[in-house]
Each structure stands twice: as C-alpha cells, then as structure tokens.
C-alpha cells in the first residue's frame, strides 16, 4: 500500500453526497486506498468508519459503531479524514446565500489521479477542443493573460482576471459571451470556480469540484453547483454539468502518467498554464506525495 | 533472457495494414506506449504516445496527413520531426521554442512496421528476408512472458523440421517466420510472416489463427500458475530546461545547417526555384510563414520564405527573384549556385505566424511575395480550413509555382496585369467587409502592402486581423539621438553619436557584427538587451517583442535612455 503523506492524511476528504446516504444503510467506498463504510444516524449526522466485513446495503445501528473516523457535512457532501482534520472545511460563503440553487451534480469515477483532475478544472486552453461549442469554440482559442497568486493568508491558489469567449457558458446562456472566471484552489484536491452569471451581471455562479482520492491513480469527482438561475430546473442544470464532465473524462483517462508530475521538467508549460504551474508548486511546497510524482530530491 | 527497457533490438510493432491513412495506431514495445501513424507522404512515424504538454495520449489524436493534432489543447506536431508547429492558446507567437516529441526509429519492411527502443543499432533484415513477397499473418496478443512465447513457438515445429532460432526473439521453420514483439515483461504479440502469399489467404489466415489461439490459451494457463514478472518501467525523458520554464521572446540562435541544392529550376519568368535538402535525414520543423537565412558564397545573408506544406521536411523549397536591380544577394544564387552545391542556412524562423482558428483567411500575394503565402495555403488546405488566395502579378511576369497553386483545393485567384489604378478596387472586393475571426495575410511590394492595410482598415478590419511581412523597412530612421552602449560580454563601453548606428560604432571599435539588410527588416543582427530603454525603429520585431524591451536590432534601433547594456 502506498504511504499517505501527513498533509493528505490530515485533510478533510469528500466521500459522498449527503442526500444519497440513507440513515442506517451502509454505503461503502474507497479513500486513500482505505476501504471505508458510512451511513447516517437517526439525527442525520454522518457516521464513517474503516470498513470491516460490512457489505454495501447492510442495515446497521449507527449508535453501535464505536471506532469512528472524523466526519462532517458541508456543501451538500459528507467529509471524513484518516488523520486529524482542521476544525472547519474551507469556506465557500456563497453557498449560504438564500436565493441560490445549490445542488450536487453527481459523483463520477475517473481513472486518473485527483490532482490531474484539479489541473484540468483550472485549465481554459482545452475549452474549444474538449467542450466544443459549449465552453469554447474555434476561433476563440487564445488564452489571454491572467493573474495568479498563492495566497499565504488563506493558503490557496487564486487565479483572477481569467477571460474566455464561450458560445454557451451556462444553461441560461443563449449567445456567445466573454465570461470572466476566478478560480480558487483552497484544498489540494478541491477547486472552486466563479464565473459571470448570464442572469445577473453583479453576481457570479459558483461551480466546485471536490475530488475523492480513491487510489493514487483513481478518484471520484463530486460536483457542486450554486447558481443564480430562475428558469432552469435542477435536472437541467445537473445534466449540463454532467455533459461537461462527460467530455473531460475520456481525456483525463488518457493522461499518462496518471499521477501528476511535479518536476517542472516533466511536461512543457506555456503561459496559459500559469495557474497549473502555481498549483503544482503549491502541492510540492505542502509536501503532498499522494497522487503525484514528487520531484526527485 | 531478461528484457530490458533499453534493448536496442529492432522488433515488429505493427503490420503495414494497421496504418491506413488518417489513422493513429496505439503500439507497444518494452513497457512503452507508442503512437504510430502514416502521413500522406507515406512516411511512418513512431512517437512516444503522449503529448509533451499535458501527457494526453497521441493515439487519440487526429492525423491530419502532415501533422498530428492533440485532442486536449489542439497542439499540432509535424510529420517526421515530431516538432510542434502550433499552439492555439497563443496563436500569435507560438511556438516560440522548439518543442519536439520523443521519436523512435522506424522501418517499414516485409509487411511489418519495425521499431527499437533507441538508435544504437542499425536496422538489419532478418536472415533470408530478401527475395520474397512477404505475407503478414494476423497478430496474436498473449499475456505471457515473451521468452516463454518464443519457446512455445519453437515447439510448434514438426519433428522432422526443427525450428531455427533467429536473433531478436524470432523463430523460423518451413516458410513461416514468427516474431515475438515484447510488449512488457509479461505480455507479447506474435507476428507471423509467410514467405509467399498463399493461394487462399482467408483459409490460411484462419488456419494460423486457430493454431495460435490454442498456443495462446496454453501459454496463458501456464503463465497464471507462475508468479508474474515485474512490469518494465520505462523512464520519461525530461524536457530540456528551457522548455520547462515560461517561454520568453525567442531570440534565434546562430545555429546553421548545411543543405544540398537538390534541384534548381525556372518556376516562372524571373523566378528561380531551389530545392534544398538535408545531407541526411530531415530538416527542422518550420511553421507556415517561416523563412530561412541563406549564407551566400559572397558572404552575404538573405532571407527566403519556405513554401512547403505541413510535415514536408525532406527538403525546403524556396523561390528567388532574379532581379537585375538586385544588390547582389539573389543574383549570386541565381547565377552561380548550381545543383549539387552546398549552402549554409539558418534554422527556420517565423515572424509571420498564421492563426489556424480563423473562420475565413484571406491570403494576398504580390509577385515573389507568393512564397510564404503558398506555405500558409498548403497548411490551411491540409486541415480543410476555409481560405482564399489572391495572387497579383504584373503584365508580362508569369505566375510562379502555378502547378502547386492549382493543386490546392481552396479558392485561388490569379490577378495578372491588373492596371495600377484598379488594384485597390480588386483588393477591396477580395477582402470584403470584416467580420469576427477573419484574418488577412499579405506579402508583396511595399506599395501593395500599404494598399492592403489601408483598404482593410477602411472596410472595418482591425489592426490585429491584418498580418504582413516586410522584406524592407520603408520607415524614415531617426538617428538623431546620442547615448552610450555597454557591451556586457565584450567588456566595452562605446559612445553612439547622432548620425551613426550602433552597428557602425561597434564595427569602428573592431567588433565583427553579423548583419544583412542593415535596415531593420531581416532580423540578422537581433541582440539581447540586458538593461536600458530601446527606441525600436525596425519592422522585424512585433509589438509585444518591442514592448518586452529584451531585444533589439543594432542596425537601426537606438536608445531612449542615456545608456543601453547589450549581451554582446
């Protein structure tokens, strides 16, 4: 079994959408090569433990589970940790705004490491080729200059002033528009995207991706949308996001090697990759070794 | 025998039949994945199966015939050299650096494609290879150690005709040869060859398939009972240090290549074609619109555009105008250089990059200005992108490269002998009103360039949609300033008075300075600036290069600051 670096061990890790876990019914999954089981107690609180001989679908009395892993809920998902997690999850304040439609958009397995999937989420250059006629289209292939910083205070990578012309930026968009993005990477395996909202110019839609590292080369992507959209149904909004993700999946699964290489000399960056370069460096500085190919020391 | 990732032996990795045109085959050898594809010129490429940018397999890429396009970010790589020719995220300046995928040696012979882990050994035909019309059997993949597969194949030989083991995991008996392709420590592919095509190919293929299927089942049963050997772990080569950092403005290096004048012909009245071939192998990757500097026998340097299409790297074809008014450069080429002569050329440089994401591209050429536009047209043509080419020639002048132009599928219009006062109207109607994502590229005499620029601007074309290349700087050079230049490497400080160029002052001080046009158009005297504020007066550098304040032309440019520090 691969070793789990201390930083990764102490992180909160997403494992399931809260709504999809029925009280008293065992669900099983894999986190950091560790088989785990989870359910919710009668009060609705998550209960997570290292899987022993339970099977998925078994009924349990959650009170009887004594050897529990830390567990919390946030942004519609259940989170756990194999170590000592911080008191709180990273903040997404918009989630609490009363008029937003918050929804989980499914949990999709991908045969690639979690950091590769984060990097793909940060990348605008692939829009015209992978999400043709939705998030991008030729002739708009140029990635304009944008700003990236690693915020020490908040310990996150922040990319701002990202602009891209999109034929259909959101479910509610009807014509091509230049959208402005802000990307945050507040957690080594999670990223939050803010994009201009077609319905309200003064506010921004929020799309987040939380990756559950199952093994070093396999993960599950859990998607969150927090939208300002008065017309679309939740089903439509979910389907839109799943379409986008379905286009990324085959590309991600053809990335080779599957773990993200952190040595700057392993792949060729261009200016458009500024955020990916900052992300790789940030992972390296944090001492993350899980799901990456660390720099040879 | 233990397999090694660095085994230099040539092994078959595919059948010729696996490589139809416009397809990419996923091959495997010694733990590596390979992207194998045939270009439209018939050449077979064997590359490491990952795009150097973000590691996506090129076996899911798009084979455009002369280039392979990655599905993730649209990067294109050239046939033969695997050099990157286009980066859509930065269409205006990319690729500023030489980015090249890892390639493996390749040979197509006897109905099979052969490759090796490295170039250490030359390809050698197997014993008895010559003189037959080889017929390839269907490949049979086997999950077993390659050496076990070889032993089992040898066991197929009839008792009275013992198997003959050949070098390179091969075995022969009767007229049948079997080659074991070592995919990994525990995986192999059996590739068989028959010395002559059988009378009934389908029945024969079926017969061999049945035999090999039985053999495979037996081998896989046995392999499951044994501990599996460790898979081979090929290392990925690191990219060079300059590719791992953020790209700067490219300062062309002084590398030169020796080429042979393979062909010299009259392409049109007054235009001589030259085909320049590498002495061995292929020439470096170039982008449409790129030019080379030719170092002429009389010591001069002149720039000529490459007219070739994508992936055509066996030779560069240029067109040279035999002008009587020539200062001597082209005249030397036309009059004294003969077929078979050797010439020294620079690596290709591109100051005229073509966007390949436009919805409409208009190419306008005047006279010999057709050369870079012919290359652009060929690239657009091969990718089935919409374009129109307008070629203006004077009355009496004939059309150069006519057959090449007529072979294109785009809209090529020849405008011959249009009276001077009608050229503007013809250009206006060729351009039409601008709409988003339309680009025009123009190369020709100065007055024509100006007409196109003015007409386009009047019809709503924004500056960034009008692309042109000067071969001459028509600007009035302001040489009134006076300043100091510090030459960092030569440890020398010189004063440049008004009325003299930096280059002249350096020459006066005894330095040898390369130059060619001496009017800020060719790029020969491009110099790195370490410190100071440059007063650019050339037409070679683009605006972002000028704004970077990192490079300048010493033949015309000056200083706005009191002092410049140059990397000379």
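Each Cβ is built from the backbone N, Cα and C atoms, and glycine gets one as well.
Among the features that TrEMBL reports, domain 'Rieske' is placed at B:10-115.
As annotated by TrEMBL, domain 'FAD-binding FR-type' applies to B:252-355.
Residues annotated as domain '2Fe-2S ferredoxin-type' in TrEMBL: B:483-568. A mean pLDDT of 86 is what the model gives for the domain '2Fe-2S ferredoxin-type' (B:483-568).
Each residue in the domain 'FAD-binding FR-type' (B:252-355) gets a DSSP state, and the totals come to 8 helix, 44 strand, 52 coil. Note on the domain 'Rieske' (B:10-115): DSSP counts are 6 helix, 46 strand, 54 coil. DSSP states for the domain '2Fe-2S ferredoxin-type' (B:483-568), grouped as helix (H, G, I), strand (E, B) and coil, give 13 helix, 27 strand, 46 coil.
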